[in-house]
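These features come from TrEMBL:
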REGION    1-69  region 'Disordered'
COMPBIAS  25-48  compositional bias 'Basic and acidic residues'
COMPBIAS  60-69  compositional bias 'Low complexity'
Amino acid sequence: MSDEDFEAKRHDQLTSAPNATEEDAAPRIDVSETADGHKRIDVRDDAVVRPGGDPEIIDPEAAAEAAAD
C-alpha cells in the first residue's frame with residue numbers, strides 16, 4: 001500500500017464517525033529516520049490528542065496553575 005493510499009484510508013476512517021471533523025484526521029506524530037537507520041517517532045507539538053491522558057484528570061492542581069498563566 002502506498003503512503004498516499006494509507007493517508008486516504010486513514011482520513012476516511014477518522015472522519016466517517018458521527019460528529020467527526022477534519023481535525024480528527026490531523027497528523028499527530030512525525031516519523032523520521034536517523035543517520036544510523038533508526039526510526040524516530042515524535043508526537044507533534046500541535047497534536048490535539050496527546051499520549052498521557054487529560055491533564056485535568058491526572059493532575060488537576062497543575063492544570064489549574066497552567067491555565068492561570
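Glycine is no exception: its Cβ is also placed from the backbone N, Cα and C atoms.
Annotations in TrEMBL come from automatic prediction, not curation.
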Counts of helix, strand and coil residues, the compositional bias 'Low complexity' (60-69), according to DSSP: 9 helix, 0 strand, 1 coil
For the compositional bias 'Basic and acidic residues' (25-48), residues assigned helix / strand / coil by DSSP: 1 helix, 10 strand, 13 coil
